[in-house]
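Feature annotations, courtesy of TrEMBL:
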| type | residues | note |
| --- | --- | --- |
| DOMAIN | 4-153 | domain 'N-acetyltransferase' |
| BINDING | 82, 83, 84, 90, 91, 92, 93, 94, 95, 118, 119 | acetyl-CoA binding site |
| ACT_SITE | 123 | active site, proton donor |
| ACT_SITE | 406 | active site, proton acceptor |
Ligand SMILES: CC(=O)SCCNC(=O)CCNC(=O)[C@H](O)C(C)(C)COP(=O)(O)OP(=O)(O)OC[C@H]1O[C@@H](n2cnc3c(N)ncnc32)[C@H](O)[C@@H]1OP(=O)(O)O
(Lines of atoms letter the chains of each structure in order from A and count residues from 1; the text may use other names and numbers.)
(Lines give C-alpha, C1' and ligand atoms only; values in the text may rest on other atoms or scores of the structure.)
Protein backbone atom coordinates (compact mmCIF):
# COMPACT_ATOMS: atom_id res chain seq x y z
CA UNK A 1 0.00 0.00 0.00
CA UNK A 2 1.33 3.48 -0.86
CA UNK A 3 1.82 5.94 1.92
CA UNK A 4 1.56 9.60 0.80
CA UNK A 5 2.71 12.55 2.85
CA UNK A 6 3.42 16.27 2.38
CA UNK A 7 6.17 18.12 4.23
CA UNK A 8 8.43 21.16 3.96
CA UNK A 9 11.74 20.40 2.26
CA UNK A 10 15.08 21.36 3.79
CA UNK A 11 18.00 22.98 1.96
CA UNK A 12 19.50 19.62 0.96
CA UNK A 13 16.31 18.60 -0.84
CA UNK A 14 15.43 21.62 -2.97
CA UNK A 15 17.63 20.68 -5.94
CA UNK A 16 15.67 17.43 -6.25
CA UNK A 17 12.45 19.45 -6.15
CA UNK A 18 13.81 21.74 -8.86
CA UNK A 19 14.77 18.75 -11.02
CA UNK A 20 11.31 17.25 -10.56
CA UNK A 21 9.61 20.55 -11.41
CA UNK A 22 11.75 21.07 -14.52
CA UNK A 23 10.88 17.55 -15.70
CA UNK A 24 7.16 18.37 -15.46
CA UNK A 25 7.91 21.25 -17.88
CA UNK A 26 9.89 18.81 -20.06
CA UNK A 27 13.21 20.47 -19.23
CA UNK A 28 16.38 18.57 -18.27
CA UNK A 29 17.98 19.05 -14.83
CA UNK A 30 19.63 22.43 -14.28
CA UNK A 31 23.37 22.49 -15.04
CA UNK A 32 25.55 23.45 -12.07
CA UNK A 33 25.99 27.08 -13.17
CA UNK A 34 22.23 27.49 -13.71
CA UNK A 35 21.55 25.91 -10.32
CA UNK A 36 23.97 28.34 -8.63
CA UNK A 37 21.59 31.07 -9.73
CA UNK A 38 18.21 29.37 -9.48
CA UNK A 39 18.73 28.08 -5.94
CA UNK A 40 18.66 31.73 -4.88
CA UNK A 41 15.02 31.91 -6.04
CA UNK A 42 14.06 29.37 -3.34
CA UNK A 43 13.02 30.98 -0.07
CA UNK A 44 13.98 28.89 2.97
CA UNK A 45 11.06 26.98 4.47
CA UNK A 46 8.67 27.64 1.58
CA UNK A 47 9.12 24.52 -0.58
CA UNK A 48 6.75 21.61 -0.12
CA UNK A 49 7.40 18.06 -1.24
CA UNK A 50 4.84 15.31 -1.76
CA UNK A 51 6.25 11.88 -0.98
CA UNK A 52 5.10 8.40 -1.81
CA UNK A 53 6.89 5.88 0.38
CA UNK A 54 9.79 8.36 0.86
CA UNK A 55 10.07 9.11 -2.89
CA UNK A 56 9.51 12.70 -3.99
CA UNK A 57 6.62 12.77 -6.48
CA UNK A 58 5.42 16.39 -6.40
CA UNK A 59 6.38 19.85 -5.25
CA UNK A 60 5.08 23.42 -4.85
CA UNK A 61 6.73 26.50 -3.38
CA UNK A 62 6.16 30.16 -2.69
CA UNK A 63 7.98 33.43 -2.11
CA UNK A 64 6.84 36.05 0.39
CA UNK A 65 6.07 39.38 -1.26
CA UNK A 66 3.71 42.34 -1.11
CA UNK A 67 0.86 42.94 -3.55
CA UNK A 68 -0.21 46.48 -4.45
CA UNK A 69 -3.99 46.80 -4.05
CA UNK A 70 -6.30 49.82 -4.52
CA UNK A 71 -5.24 52.32 -1.86
CA UNK A 72 -2.69 50.08 -0.17
CA UNK A 73 -0.74 46.84 -0.13
CA UNK A 74 -1.11 43.35 1.35
CA UNK A 75 1.29 40.46 2.08
CA UNK A 76 1.10 37.80 -0.62
CA UNK A 77 2.53 34.32 -1.14
CA UNK A 78 3.82 34.15 -4.73
CA UNK A 79 3.18 30.50 -5.61
CA UNK A 80 5.39 28.85 -8.20
CA UNK A 81 7.37 25.70 -8.99
CA UNK A 82 4.26 23.48 -8.96
CA UNK A 83 4.66 20.06 -10.52
CA UNK A 84 3.73 16.41 -10.08
CA UNK A 85 5.68 13.55 -11.63
CA UNK A 86 3.98 12.56 -14.89
CA UNK A 87 3.52 8.97 -13.66
CA UNK A 88 1.76 10.15 -10.49
CA UNK A 89 -0.72 12.72 -11.83
CA UNK A 90 -4.54 12.71 -11.44
CA UNK A 91 -4.56 10.99 -8.09
CA UNK A 92 -4.87 14.07 -5.88
CA UNK A 93 -1.21 14.99 -5.27
CA UNK A 94 -1.63 18.62 -6.33
CA UNK A 95 -4.83 18.85 -4.31
CA UNK A 96 -2.92 17.79 -1.18
CA UNK A 97 -0.06 20.22 -1.94
CA UNK A 98 -2.48 23.12 -2.47
CA UNK A 99 -4.42 22.37 0.72
CA UNK A 100 -1.18 22.21 2.75
CA UNK A 101 0.20 25.38 1.20
CA UNK A 102 -3.00 27.40 1.69
CA UNK A 103 -3.36 26.20 5.28
CA UNK A 104 0.26 27.22 5.93
CA UNK A 105 -0.43 30.69 4.46
CA UNK A 106 -3.50 31.04 6.68
CA UNK A 107 -1.55 29.99 9.77
CA UNK A 108 1.24 32.45 8.96
CA UNK A 109 -1.29 35.28 8.52
CA UNK A 110 -0.68 35.79 4.78
CA UNK A 111 -4.07 37.04 3.49
CA UNK A 112 -3.51 36.50 -0.25
CA UNK A 113 -1.80 33.95 -2.52
CA UNK A 114 -1.07 34.58 -6.20
CA UNK A 115 0.31 32.68 -9.16
CA UNK A 116 0.72 32.55 -12.92
CA UNK A 117 -1.01 29.47 -14.28
CA UNK A 118 0.46 27.07 -16.86
CA UNK A 119 -3.10 26.01 -17.75
CA UNK A 120 -6.32 27.88 -17.03
CA UNK A 121 -8.28 24.83 -15.85
CA UNK A 122 -6.11 23.90 -12.87
CA UNK A 123 -6.38 26.49 -10.10
CA UNK A 124 -10.01 27.62 -9.91
CA UNK A 125 -10.87 24.56 -7.81
CA UNK A 126 -8.39 25.75 -5.18
CA UNK A 127 -10.02 29.20 -5.00
CA UNK A 128 -7.81 31.14 -7.43
CA UNK A 129 -9.38 33.52 -9.95
CA UNK A 130 -7.88 35.62 -12.76
CA UNK A 131 -7.36 39.06 -11.22
CA UNK A 132 -5.28 40.76 -13.92
CA UNK A 133 -4.66 40.54 -17.64
CA UNK A 134 -1.85 41.72 -19.86
CA UNK A 135 -1.79 42.88 -23.45
CA UNK A 136 0.93 42.39 -26.06
CA UNK A 137 1.22 44.86 -28.94
CA UNK A 138 3.19 44.96 -32.18
CA UNK A 139 4.55 48.33 -33.28
CA UNK A 140 5.59 48.93 -36.88
CA UNK A 141 8.58 51.08 -36.22
CA UNK A 142 8.74 53.13 -39.44
CA UNK A 143 5.14 54.31 -38.80
CA UNK A 144 5.62 55.00 -35.09
CA UNK A 145 6.43 58.45 -33.79
CA UNK A 146 5.61 59.89 -30.36
CA UNK A 147 3.31 62.92 -30.58
CA UNK A 148 5.12 66.19 -29.97
CA UNK A 149 2.48 67.18 -27.36
CA UNK A 150 3.31 64.17 -25.16
CA UNK A 151 5.08 65.15 -21.92
CA UNK A 152 8.83 64.91 -21.46
CA UNK A 153 10.94 65.12 -18.33
CA UNK A 154 14.45 63.77 -18.41
CA UNK A 155 16.83 61.45 -20.21
CA UNK A 156 16.97 57.78 -21.11
CA UNK A 157 20.20 55.81 -20.64
CA UNK A 158 20.92 52.27 -21.86
CA UNK A 159 22.68 49.62 -19.75
CA UNK A 160 23.88 46.04 -20.32
CA UNK A 161 22.57 43.01 -18.41
CA UNK A 162 25.26 42.99 -15.69
CA UNK A 163 24.70 46.67 -14.95
CA UNK A 164 20.92 46.17 -15.15
CA UNK A 165 21.16 43.62 -12.33
CA UNK A 166 22.73 46.17 -10.02
CA UNK A 167 20.51 49.12 -11.06
CA UNK A 168 17.08 47.69 -11.66
CA UNK A 169 16.08 46.53 -8.15
CA UNK A 170 16.18 50.16 -6.93
CA UNK A 171 14.53 51.53 -10.07
CA UNK A 172 11.79 48.91 -9.90
CA UNK A 173 11.19 49.68 -6.20
CA UNK A 174 10.32 53.25 -7.22
CA UNK A 175 7.58 52.13 -9.63
CA UNK A 176 6.39 48.98 -7.79
CA UNK A 177 3.30 50.59 -6.30
CA UNK A 178 2.19 52.57 -9.35
CA UNK A 179 -0.58 50.10 -10.28
CA UNK A 180 -2.74 47.55 -8.43
CA UNK A 181 -1.48 44.04 -9.02
CA UNK A 182 2.23 44.93 -8.99
CA UNK A 183 4.54 43.08 -6.59
CA UNK A 184 7.56 43.89 -4.53
CA UNK A 185 10.41 42.03 -6.20
CA UNK A 186 12.37 40.66 -3.26
CA UNK A 187 15.85 39.15 -3.59
CA UNK A 188 14.28 35.83 -4.64
CA UNK A 189 12.70 37.33 -7.79
CA UNK A 190 15.81 38.80 -9.43
CA UNK A 191 17.67 35.53 -10.13
CA UNK A 192 14.58 34.43 -12.10
CA UNK A 193 14.65 37.69 -14.06
CA UNK A 194 18.37 37.25 -14.71
CA UNK A 195 17.89 33.60 -15.75
CA UNK A 196 15.32 34.63 -18.34
CA UNK A 197 17.62 37.14 -20.01
CA UNK A 198 20.73 34.92 -19.77
CA UNK A 199 18.86 32.09 -21.50
CA UNK A 200 17.03 34.10 -24.15
CA UNK A 201 18.59 34.99 -27.49
CA UNK A 202 19.48 38.48 -28.69
CA UNK A 203 21.26 41.44 -27.14
CA UNK A 204 19.66 42.55 -23.86
CA UNK A 205 19.50 46.22 -22.93
CA UNK A 206 17.89 48.05 -20.04
CA UNK A 207 16.59 51.55 -20.79
CA UNK A 208 16.19 53.66 -17.63
CA UNK A 209 14.36 56.96 -17.55
CA UNK A 210 16.08 59.49 -15.28
CA UNK A 211 13.39 62.07 -14.51
CA UNK A 212 13.70 65.29 -12.53
CA UNK A 213 13.08 63.31 -9.30
CA UNK A 214 15.41 60.43 -10.19
CA UNK A 215 14.82 57.12 -12.01
CA UNK A 216 11.09 56.68 -12.58
CA UNK A 217 10.71 54.17 -15.41
CA UNK A 218 12.50 51.44 -17.33
CA UNK A 219 12.19 49.04 -20.25
CA UNK A 220 14.17 45.80 -20.56
CA UNK A 221 14.40 44.54 -24.12
CA UNK A 222 16.14 42.03 -26.37
CA UNK A 223 17.00 42.89 -29.95
CA UNK A 224 16.77 39.69 -31.95
CA UNK A 225 18.34 39.69 -35.38
CA UNK A 226 16.31 37.98 -38.05
CA UNK A 227 18.82 37.28 -40.80
CA UNK A 228 16.27 35.44 -42.89
CA UNK A 229 14.01 38.43 -43.43
CA UNK A 230 15.92 41.49 -44.68
CA UNK A 231 18.71 41.35 -42.14
CA UNK A 232 17.19 43.55 -39.46
CA UNK A 233 16.18 43.05 -35.85
CA UNK A 234 12.99 42.80 -33.82
CA UNK A 235 12.90 44.47 -30.40
CA UNK A 236 11.15 42.42 -27.71
CA UNK A 237 10.28 44.62 -24.72
CA UNK A 238 9.76 42.09 -21.95
CA UNK A 239 9.63 44.18 -18.79
CA UNK A 240 8.55 47.80 -18.72
CA UNK A 241 6.99 50.11 -16.16
CA UNK A 242 6.82 53.87 -15.74
CA UNK A 243 5.68 55.84 -12.72
CA UNK A 244 4.78 59.00 -14.69
CA UNK A 245 3.30 59.80 -18.13
CA UNK A 246 6.49 61.69 -19.03
CA UNK A 247 8.65 58.66 -18.20
CA UNK A 248 6.38 56.48 -20.36
CA UNK A 249 6.53 58.89 -23.32
CA UNK A 250 10.29 59.44 -23.04
CA UNK A 251 10.95 55.69 -22.87
CA UNK A 252 9.00 55.18 -26.09
CA UNK A 253 10.84 58.06 -27.78
CA UNK A 254 14.14 56.37 -26.88
CA UNK A 255 13.03 52.87 -27.85
CA UNK A 256 11.73 54.00 -31.24
CA UNK A 257 15.04 55.79 -31.93
CA UNK A 258 17.04 52.53 -31.85
CA UNK A 259 18.23 51.92 -35.40
CA UNK A 260 17.91 48.75 -37.51
CA UNK A 261 14.70 47.65 -35.79
CA UNK A 262 11.76 46.88 -38.08
CA UNK A 263 9.18 46.13 -35.44
CA UNK A 264 8.79 46.30 -31.70
CA UNK A 265 7.00 43.57 -29.76
CA UNK A 266 5.73 45.26 -26.60
CA UNK A 267 4.97 42.22 -24.46
CA UNK A 268 2.77 41.63 -21.38
CA UNK A 269 1.83 45.25 -20.64
CA UNK A 270 -1.24 46.65 -18.83
CA UNK A 271 -4.47 46.50 -20.86
CA UNK A 272 -4.98 50.26 -20.72
CA UNK A 273 -1.58 51.89 -21.27
CA UNK A 274 -2.35 54.53 -23.93
CA UNK A 275 0.33 53.51 -26.44
CA UNK A 276 -1.89 53.94 -29.50
CA UNK A 277 -2.87 57.45 -28.40
CA UNK A 278 0.75 58.36 -27.66
CA UNK A 279 1.73 57.91 -31.32
CA UNK A 280 0.91 60.07 -34.35
CA UNK A 281 -0.40 56.99 -36.22
CA UNK A 282 -2.75 54.80 -34.15
CA UNK A 283 -2.43 52.02 -36.67
CA UNK A 284 1.28 51.71 -36.09
CA UNK A 285 0.17 49.55 -33.14
CA UNK A 286 -1.76 46.28 -33.24
CA UNK A 287 -2.79 44.13 -30.29
CA UNK A 288 -1.31 40.66 -30.74
CA UNK A 289 -2.71 39.07 -27.61
CA UNK A 290 -4.60 39.54 -24.33
CA UNK A 291 -3.93 36.86 -21.72
CA UNK A 292 -4.46 36.10 -18.06
CA UNK A 293 -1.68 37.47 -15.87
CA UNK A 294 -1.98 37.17 -12.07
CA UNK A 295 -4.37 34.70 -10.43
CA UNK A 296 -5.34 35.61 -6.87
CA UNK A 297 -6.66 33.57 -3.97
CA UNK A 298 -8.03 35.32 -0.90
CA UNK A 299 -6.66 33.19 1.95
CA UNK A 300 -8.22 35.33 4.67
CA UNK A 301 -11.28 36.97 3.11
CA UNK A 302 -11.92 39.74 5.68
CA UNK A 303 -8.22 40.59 6.08
CA UNK A 304 -7.72 40.75 2.30
CA UNK A 305 -10.87 42.79 1.70
CA UNK A 306 -9.88 45.22 4.47
CA UNK A 307 -6.44 45.76 2.89
CA UNK A 308 -7.90 47.71 -0.07
CA UNK A 309 -10.01 50.83 -0.29
CA UNK A 310 -13.44 51.17 -1.90
CA UNK A 311 -15.40 53.81 -3.75
CA UNK A 312 -19.12 54.07 -3.47
CA UNK A 313 -19.81 56.78 -0.87
CA UNK A 314 -22.72 55.43 1.19
CA UNK A 315 -23.06 52.21 -0.81
CA UNK A 316 -22.92 48.80 0.85
CA UNK A 317 -23.51 45.21 -0.31
CA UNK A 318 -23.74 41.91 1.54
CA UNK A 319 -21.75 39.08 -0.04
CA UNK A 320 -22.25 35.38 0.64
CA UNK A 321 -18.85 33.78 0.00
CA UNK A 322 -18.34 30.04 -0.33
CA UNK A 323 -14.89 28.52 0.13
CA UNK A 324 -14.70 24.74 -0.10
CA UNK A 325 -10.97 24.57 0.76
CA UNK A 326 -10.50 27.12 3.58
CA UNK A 327 -13.94 26.68 5.06
CA UNK A 328 -13.61 29.39 7.73
CA UNK A 329 -13.85 31.95 4.89
CA UNK A 330 -17.37 30.81 4.03
CA UNK A 331 -19.97 33.23 5.31
CA UNK A 332 -21.59 36.61 4.83
CA UNK A 333 -19.65 39.88 4.64
CA UNK A 334 -20.86 43.46 4.48
CA UNK A 335 -18.73 45.53 2.12
CA UNK A 336 -18.84 49.33 2.25
CA UNK A 337 -16.51 52.31 1.85
CA UNK A 338 -15.33 51.70 5.41
CA UNK A 339 -14.28 48.11 4.62
CA UNK A 340 -15.48 44.57 5.22
CA UNK A 341 -17.05 43.00 8.30
CA UNK A 342 -18.81 39.68 8.94
CA UNK A 343 -22.58 40.12 9.13
CA UNK A 344 -25.78 38.19 9.72
CA UNK A 345 -27.74 40.41 7.31
CA UNK A 346 -29.30 38.63 4.30
CA UNK A 347 -26.93 38.14 1.35
CA UNK A 348 -27.45 40.16 -1.85
CA UNK A 349 -24.73 38.56 -3.98
CA UNK A 350 -23.53 34.95 -3.66
CA UNK A 351 -20.18 33.92 -5.12
CA UNK A 352 -17.27 31.52 -4.75
CA UNK A 353 -13.95 32.65 -3.31
CA UNK A 354 -12.36 32.20 -6.79
CA UNK A 355 -14.76 34.79 -8.24
CA UNK A 356 -14.00 37.10 -5.32
CA UNK A 357 -10.33 36.82 -6.32
CA UNK A 358 -11.30 38.01 -9.81
CA UNK A 359 -13.09 41.06 -8.39
CA UNK A 360 -10.47 41.93 -5.78
CA UNK A 361 -8.39 44.39 -7.82
CA UNK A 362 -11.26 45.76 -9.90
CA UNK A 363 -10.26 43.90 -13.06
CA UNK A 364 -13.78 42.65 -13.85
CA UNK A 365 -17.25 44.24 -13.86
CA UNK A 366 -19.60 42.66 -11.34
CA UNK A 367 -22.46 42.72 -13.89
CA UNK A 368 -20.37 40.72 -16.37
CA UNK A 369 -19.68 38.00 -13.81
CA UNK A 370 -23.39 37.92 -12.95
CA UNK A 371 -24.19 37.63 -16.66
CA UNK A 372 -22.03 34.52 -17.04
CA UNK A 373 -23.42 32.88 -13.91
CA UNK A 374 -20.37 33.27 -11.67
CA UNK A 375 -22.27 35.51 -9.23
CA UNK A 376 -25.85 34.96 -8.11
CA UNK A 377 -28.17 37.84 -7.26
CA UNK A 378 -30.29 36.56 -4.39
CA UNK A 379 -33.27 38.92 -4.92
CA UNK A 380 -33.97 39.78 -8.57
CA UNK A 381 -36.20 42.73 -7.60
CA UNK A 382 -33.17 44.64 -6.21
CA UNK A 383 -30.73 43.62 -8.94
CA UNK A 384 -30.11 47.08 -10.43
CA UNK A 385 -29.47 48.73 -7.06
CA UNK A 386 -27.20 45.93 -5.85
CA UNK A 387 -25.21 45.78 -9.08
CA UNK A 388 -24.80 49.56 -9.11
CA UNK A 389 -23.59 49.62 -5.50
CA UNK A 390 -21.18 46.70 -5.99
CA UNK A 391 -19.78 48.30 -9.13
CA UNK A 392 -19.19 51.67 -7.45
CA UNK A 393 -17.50 50.00 -4.48
CA UNK A 394 -15.13 47.78 -6.43
CA UNK A 395 -14.35 49.72 -9.61
CA UNK A 396 -10.84 51.18 -10.02
CA UNK A 397 -9.41 53.90 -12.25
CA UNK A 398 -6.87 51.79 -14.10
CA UNK A 399 -6.55 48.17 -15.16
CA UNK A 400 -4.79 46.06 -12.56
CA UNK A 401 -1.60 44.44 -13.81
CA UNK A 402 1.19 42.39 -12.29
CA UNK A 403 4.09 42.60 -14.75
CA UNK A 404 6.34 40.33 -12.70
CA UNK A 405 6.84 36.77 -13.79
CA UNK A 406 7.63 34.13 -11.14
C1 LIG B 1 2.01 28.12 -10.43
C2 LIG B 1 2.76 27.12 -11.30
O3 LIG B 1 3.79 26.65 -10.93
S4 LIG B 1 2.09 26.74 -12.80
C5 LIG B 1 2.89 25.20 -13.28
C6 LIG B 1 1.99 24.02 -13.04
N7 LIG B 1 2.71 22.80 -13.43
C8 LIG B 1 2.55 22.21 -14.63
O9 LIG B 1 1.78 22.63 -15.48
C10 LIG B 1 3.46 21.03 -14.86
C11 LIG B 1 2.75 19.86 -15.57
N12 LIG B 1 1.57 19.40 -14.83
C13 LIG B 1 1.66 18.79 -13.61
O14 LIG B 1 2.72 18.68 -13.00
C15 LIG B 1 0.38 18.28 -13.01
O16 LIG B 1 -0.47 17.81 -14.06
C17 LIG B 1 -0.42 19.30 -12.19
C18 LIG B 1 0.48 19.84 -11.08
C19 LIG B 1 -0.89 20.46 -13.05
C20 LIG B 1 -1.66 18.62 -11.60
O21 LIG B 1 -1.25 17.66 -10.64
P22 LIG B 1 -2.19 16.41 -10.25
O23 LIG B 1 -1.56 15.76 -9.07
O24 LIG B 1 -2.45 15.60 -11.45
O25 LIG B 1 -3.52 17.14 -9.82
P26 LIG B 1 -4.70 16.44 -8.98
O27 LIG B 1 -4.69 14.95 -9.22
O28 LIG B 1 -4.63 16.88 -7.57
O29 LIG B 1 -5.94 17.08 -9.71
C30 LIG B 1 -7.02 17.60 -9.04
C31 LIG B 1 -8.09 17.92 -10.05
O32 LIG B 1 -7.59 18.83 -11.03
C33 LIG B 1 -7.73 18.26 -12.34
N34 LIG B 1 -6.54 18.67 -13.08
C35 LIG B 1 -5.29 18.75 -12.61
N36 LIG B 1 -4.45 19.15 -13.57
C37 LIG B 1 -5.19 19.32 -14.68
C38 LIG B 1 -4.87 19.72 -16.00
N39 LIG B 1 -3.62 20.00 -16.36
N40 LIG B 1 -5.88 19.79 -16.88
C41 LIG B 1 -7.14 19.50 -16.51
N42 LIG B 1 -7.50 19.10 -15.26
C43 LIG B 1 -6.52 19.01 -14.36
C44 LIG B 1 -7.78 16.79 -12.11
O45 LIG B 1 -8.43 16.13 -13.17
C46 LIG B 1 -8.58 16.72 -10.83
O47 LIG B 1 -9.94 16.93 -11.12
P48 LIG B 1 -11.09 16.32 -10.18
O49 LIG B 1 -10.90 16.93 -8.83
O50 LIG B 1 -12.34 16.75 -10.87
O51 LIG B 1 -10.86 14.85 -10.18
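Just so it is clear, glycine is given a Cβ too, placed from its N, Cα and C backbone atoms.
Annotated features taken from TrEMBL, shown on the structure.
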residue: 82; record: acetyl-CoA binding site; Cβ within 10 Å: 22
residue: 84; record: acetyl-CoA binding site; Cβ within 10 Å: 22
residue: 91; record: acetyl-CoA binding site; Cβ within 10 Å: 13
residue: 93; record: acetyl-CoA binding site; Cβ within 10 Å: 22
residue: 95; record: acetyl-CoA binding site; Cβ within 10 Å: 12
residue: 119; record: acetyl-CoA binding site; Cβ within 10 Å: 6
residue: 123; record: active site, proton donor; Cβ within 10 Å: 24
residue: 406; record: active site, proton acceptor; Cβ within 10 Å: 21
Can you tell me which of 119, 123, 406, our recorded positions, come within under 6 Å of ligand 1 at the Cβ? 119
By CA distance, which of the recorded positions (84, 91, 93, 95, 406) lies nearest to residue 123 (active site, proton donor)? 95
Per DSSP (helix/strand/coil reduction), residue 93 (acetyl-CoA binding site) sits in helix
Residues of the domain 'N-acetyltransferase' (4-153) by DSSP state, where helix covers H, G and I: 46 helix, 54 strand, 50 coil
Between the residue listed as 'active site, proton acceptor' and residue 84 (acetyl-CoA binding site), the C-alpha gap once rounded to whole angstrom: 18
